[in-house]
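Engineer: Starting off with a structure, shown below.
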Amino acid sequence: MKLLKHKIQAGKLNLNEDDPFELFLSSTKIRYCYYHETHKILGNSYGMVVLQDFEALTPNLLARTIETVEGGGLIVLLLHSVTSLKQLYAMNMDVHQRFRTESHQSVTCRFNERFLLSLASCNRCLVVDDQLSVLPISSKNLNVTPVAVSKELSENEKALTDLIEQLQDTQPVASLIKLCKTLDQAKALLKFIEGVSEKTLKSTVSLTASRGRGKSATLGLAVSAAIAFGYSNIFVTSPSPENLNTFFEFICKGFDALEYQEHIDYSLIRSTNPEFNKSIVRINVFREHRQTVQYIHPTDSHKLTQAELLVIDEAAAIPLPFVKSMLGPYLVYLASTINGYEGTGRSLSLKLLSQLRMQAMPAGSNKNSNNKVEPGVTSGRNLSEVTLDESIVTNQTMLLKVVVPIYSGCPPLDSCDLYYINRDTLFSYHKASEEFLQRLVALFVASHYKNSPNDLQMMSDAPAHHLFCLLAPVDPNTKAIPEILTVIQVCLEGGISKKSVTERYSKFKSASGDLIPWTVGQQYQDSDFPSLSGARIVRIASHPDYQGMGYGSRALHLLKQYYELKIPSVNEDIVEQTAITNVDDDKVHLLEESIAPRKALPPLLFKLSERPPENLDYLGVSFGLTEQLLKFWKRAGYIPVYIRQTTNDLTGEHSCIMLNTLNSSDVSEDNKWLSAYWADFRKRFINLLAYQFKKFSPSLALGVLTNSSLNVTVKDISKEELNIFFTNYDIKRLEMYSNNLVDYHLIMDLIPTLAKLYFSNQMGSTKMSAVQSAILLGIGLQHKTLDDLATDTASCYVFESSIGTKCRKPVHSKGGPKHVACSTDYDRRVRRGCKED
């Protein structure tokens, strides 16, 4: 087919008019696309989508392609010949290879079963064979009842008509608003035009909506309004120019409404890059003066120096650091999908928009829930938020549109219990289990910024993954679905053979899965650690209304007790998972087969006492390092052993791995290897604070270095060791500065050495307050100037809350002399003790 396409483009096709297939190809616009290129079609609309090679499909691909089909269109899935649809239950998908690890090889295809059952319940789905005979699974959809078309206008349509009449004398608004199809779209366009008319160069207008609400169309009309208001330099960015076809289409429709003529008033420039499929990348307007609408790649933020208006379409699909870097002293239009495939990553709403809201607050009120000043993206920006809520489509199969249920009451922590979730029952498409699954995924989506449809398949099919949930007390007399307070996804890792470890280390390559064993083992060059068995907490999510109330900590505490064998088990053997059996070809015929949810399923929830745990050595977690998350995991007893030196491309955060040993009879022997890891990690982290981790706030770095979960040995340095670091002249300078007799520049060269000794616990019983420790860390380890340290927002908060004065004063007049005095006092004691000896 691609060969025919090239012949048509080259004009070399000898068309056979008797062949309807050739006529179809020559007269129809077809977009051929590999699965790995489907990100380029986001934001486009097609009348029909054909998906083949079912084994290579993933939930991400399904969601990404299905959402591009316009109303009244077709979605066609091509399958190989099968004698029974139930053969798809056990079909080996390409993605399953990534789910297998050395210790867990058996994959159960729960996702395929639920997907097929969801198609059976879909009233817009037909399953046919190669003779186009409708199979029994879709027989109920053969008789379609016509829907009566109402001629009366709805309330929103009447309101839209009234709004258009009210603005008919206001140009260019009147001409553009007539192109809006919904009331929400019209109101959003008015908000955009309001931002354009104010000509404020520090405003952000955010538009969020589900898929298919007309965001790109609204942005296109808003840009045509900006051209009418005289804006000259307009830039638009998106993951790919192909995502902007609708956007540029509605710019042209807006120009038509404003009576602009192509080639006379404006011209379109298309990309010559074959990868962009001749997409429009620039519009030159020359009606009154030269104006341009130019596509720019998200990584080219340095080219925005002359921008007057920046449009960011599908911002959720762009890595968060790139979006932040593009905000500047110009008007910004920002649109993002909050449901559907493009909106499954919550970084935009959880991080960027929350920071913009903080910056939009009046002066003096820019504080978060902890009353701490929030560092802003760009200071002083005004934020206007618009949403399009009119529902058009639903996304039940991929759970792309889920609503967090509202609970009543806060049960006591001691009365809440942790349960093990049986995944066979959870993904069986039973009515009750489906509702429970909707609630479970809703918590993940609302509480975690990394979500994609692929996570659903990993949760269902990956053999090493398990689910636990913390439930409120359940009334045995009620049939209602229990309230989920916290849900935990756990992945069993480790148990790798020495042979595999040796082979992988020699090739400097790790296998798929087993994130913590391979990463930690390579970091410490320890060939024994990957052989230990552990559980990585992939995700933990609490109900948004109950966050900060201790339910997450309660769930972690019960999970640790479970794996420490502190919860008595009723059954001696681990419960065997029910396997999905293949259907014999001779037992059922394709045209007679009936597909329905399985019966005789095991219970959905097991008490921890009803399922014996796996034998594990540790619990671990890997997450994007933030101050709030670090405090949470430290409070649960986890120890940091690894921080990635480069940031995550999506969130701009450093990945952090923390471990917690599971206690056995010999506790001291249990913690021995973790104490050794912690000591080595602390030494590395101290040395790297002046390099890759220099941008960390002193409070975050101090949180990494301080740990109360392990008993750290404090060492008294000897006179001989002290002479290696300091001379008598150095001690004299420190004493002079501690007495306020010399300027701080005289002892700046000694601060790094003092800081390393103090944070390596080599200064005996010398203790400093949090303020002094933060100052010493910022200057001595991160090599920040006093001015940088004084303007650090995190340091300002620590200094203000502890001392109650301005940020600059403690650094120069209190913090410095105090911590130097502690050091010189320790030096005197060491030297005095050495002389007495």
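Placement of Cβ uses the backbone N, Cα and C atoms for every residue, glycine included.
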Engineer: Based on TrEMBL, name the residue from Arg598, Arg611, Arg635, Arg644 that is recorded for the same acetyl-CoA site as Gln547, Gly548, Met549, Gly550, Tyr551, Gly552, Ser553.
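Structural biologist: Answer, per TrEMBL (acetyl-CoA site with Gln547, Gly548, Met549, Gly550, Tyr551, Gly552, Ser553), from Arg598, Arg611, Arg635, Arg644: Arg635.
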Engineer: Give me the DSSP three-state residue breakdown of the domain 'Possible tRNA binding' (673-791), ordered helix, strand, coil.
Structural biologist: 76 helix, 2 strand, 41 coil
Engineer: Kindly assign Arg635 (acetyl-CoA binding site) to one of the three DSSP-derived states: helix, strand or coil.
Structural biologist: helix
Engineer: So which of the binding-site residues is most packed in, judged by how many other Cβ atoms lie within 10 Å of its Cβ, out of Ser216, Thr218, Gln547?
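Structural biologist: Compared across Ser216, Thr218, Gln547, the most Cβ atoms within 10 Å surround Thr218.
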Engineer: Using Cα coordinates, what distance in whole Å links Met549 (acetyl-CoA binding site) and Gly214 (ATP binding site)?
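Structural biologist: Between the alpha carbons of Met549 (acetyl-CoA binding site) and Gly214 (ATP binding site) there are 39 Å.
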Engineer: Using the recorded acetyl-CoA site (Gln547, Gly548, Met549, Gly550, Tyr551, Gly552, Ser553, Arg635) as reference, state which further residues of the same chain have their Cβ within 8 Å of the centre of those residues' Cβ atoms, listed in sequence order.
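Structural biologist: My list of surrounding residues reads Ser542, Tyr546, Arg554, Phe632.
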Engineer: Tell me, how many other CB atoms lie within 10 A of the CB of Ser553 (acetyl-CoA binding site), whichever protein chain they belong to?
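Structural biologist: There are 16 such Cβ atoms around Ser553 (acetyl-CoA binding site).
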Engineer: Would you mind giving the whole-number mean pLDDT across the domain 'TmcA/NAT10 N-terminal' (23-129)?
Structural biologist: 82
Engineer: Provide, as an integer number of angstrom, the distance between the C-alpha atoms of Gly550 (acetyl-CoA binding site) and Gly214 (ATP binding site).
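Structural biologist: Approximately 41 Å lies between the Cα of Gly550 (acetyl-CoA binding site) and that of Gly214 (ATP binding site).
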Engineer: Using only the Cα atoms of Gln547, Gly548, Met549, Gly550, Tyr551, Gly552, Ser553, Arg635, which the record gives as binding acetyl-CoA, return the largest interatomic distance in Å, rounded to a whole number.
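Structural biologist: Maximum Cα-Cα distance: 15 Å.
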Engineer: Applying a 10 Å Cβ distance cut-off over all chains shown, what neighbour count does Gly550 (acetyl-CoA binding site) have?
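Structural biologist: Excluding its own Cβ, Gly550 (acetyl-CoA binding site) sees 16 Cβ atoms within 10 Å.
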